[in-house]
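Worksheet: one structure, shown below.
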Amino acid sequence: MTERKPLMAGNWKMNLNHLEAMKHVQELAFSLNDKDFDAVDVAVLVPFTDLRSVQTLVQGDKLRLKYGAQDVSEHPSGAYTGDISAAMLAKLDCGYVVVGHSERRQYHGETDALVAAKALIALKHGVTPIVCVGEHLDVRKAGEHVPHCVEQTRNSLAGLSADQVKASVIAYEPVWAIGTGEVATPEDAQEVCAAIRAELAATYDESVAAATKILYGGSVKGANAAELMAQADVDGALVGGASLDAADFTRIIRYRDSAVAAS
Ligand SMILES: O=C(CO)COP(=O)(O)O
């Protein structure tokens with residue numbers, strides 16, 4: 001069986017200016033140790049204006065923390081006022097970029113085709129896309145969440161080769177669980193993550209399904225991370241609110257400790 005090293009990624013969203021970002025990264029640096037980084041990849045996904053400061057801290061202090069952005073342009077360069085290119089992110093040594101977050105889909109009208117184009121250009125520049133999918137509450141109430149997320153995954157990865165999918169991360173984030181405190185049950189998370197993995201096996205092959213990390217996101221906290229991570233197809237978490245609190249984010253990263261404490 002392929003080992004998939006867990007990834008805990010903190011999506012700061014539109015929070016923390018560059019001074020606050022430096023304070024927060026320093027708190028994380030104090031809080032985390034080599035044992036944490038051996039067990040789990042940890043990333044912070046920060047506003048564009050924080051990237052240079054975070055890069056300086058990470059590289060200056062040789063932190064094992066990874067970092068990245070929350071969006072990228074689908075265009076390589078040119079007259080796209082306000083956009084940031086994948087080449088610019090790569091130049092700042094970004095490891096990751098979120099594409100297709102439900103907030104971008106909802107407030108900026110991003111389609112699956114656009115998300116796929118963003119994932120592709122990120123990959124071309126060596127930046128790992130974290131491709132987000134997830135259903136709204138009405139879809140779940142109608143019992144359509146599995147086919148919805150499977151189709152969204154297929155369309156949001158359209159045009160990527162098998163190797164490019166392996167080099168990507170997928171995040172299942174049910175929209176009704178984002179920022180609401182209403183976390184999906186571990187079984188809910190597993191059901192959709194397993195269906196996405198089965199889709200990867202069907203569209204590509206078993207090696208893609210086995211290698212690709214699939215995260216869960218939506219109201220993940222220190223208190224619920226262990227039970228989510230116990231699911232076979234959940235390889236990590238995309239954490240919003242709780243990632244702004246260094247202590248709670250550390251508890252999430254150390255989910256194995258709470259699993260031991262609870263047993
Ligand atoms: O959208 C999310 C991460 O991308 C989840 O946000 P919360 O953890 O605040 O629910």
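Backbone N, Cα and C define each Cβ position, glycine as well.
Now, the feature entries from TrEMBL:
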- HIS101: active site, electrophile (ACT_SITE)
- GLU173: active site, proton acceptor (ACT_SITE)
- ASN11, TRP12, LYS13, GLY179, SER219, GLY240, GLY241: substrate binding site (BINDING)
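Structure coloured by features recorded in TrEMBL.
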residue: ASN11; record: substrate binding site; DSSP (3 states): strand
residue: HIS101; record: active site, electrophile; DSSP (3 states): coil
residue: GLU173; record: active site, proton acceptor; DSSP (3 states): coil
residue: GLY179; record: substrate binding site; DSSP (3 states): coil
residue: SER219; record: substrate binding site; DSSP (3 states): coil
residue: GLY240; record: substrate binding site; DSSP (3 states): coil
Largest CA-to-CA spread of substrate binders ASN11, TRP12, LYS13, GLY179, SER219, GLY240, GLY241, angstrom: 14
Neighbouring C-beta atoms (10 Å sphere around the C-beta of HIS101 (active site, electrophile)): 27
Other C-beta atoms that fall within 10 angstroms of the C-beta of the residue listed as 'active site, proton acceptor': 28
Alpha-carbon distance [the residue listed as 'active site, proton acceptor'; SER219 (substrate binding site)] in Å: 9
Sparsest-packed among the binding-site residues, when each Cβ's other Cβ atoms within 10 Å are tallied, from GLY240, GLY241: GLY241
Position of peak Cβ density within 10 Å, selected from the binding-site residues ASN11, TRP12, LYS13, GLY179, SER219: ASN11
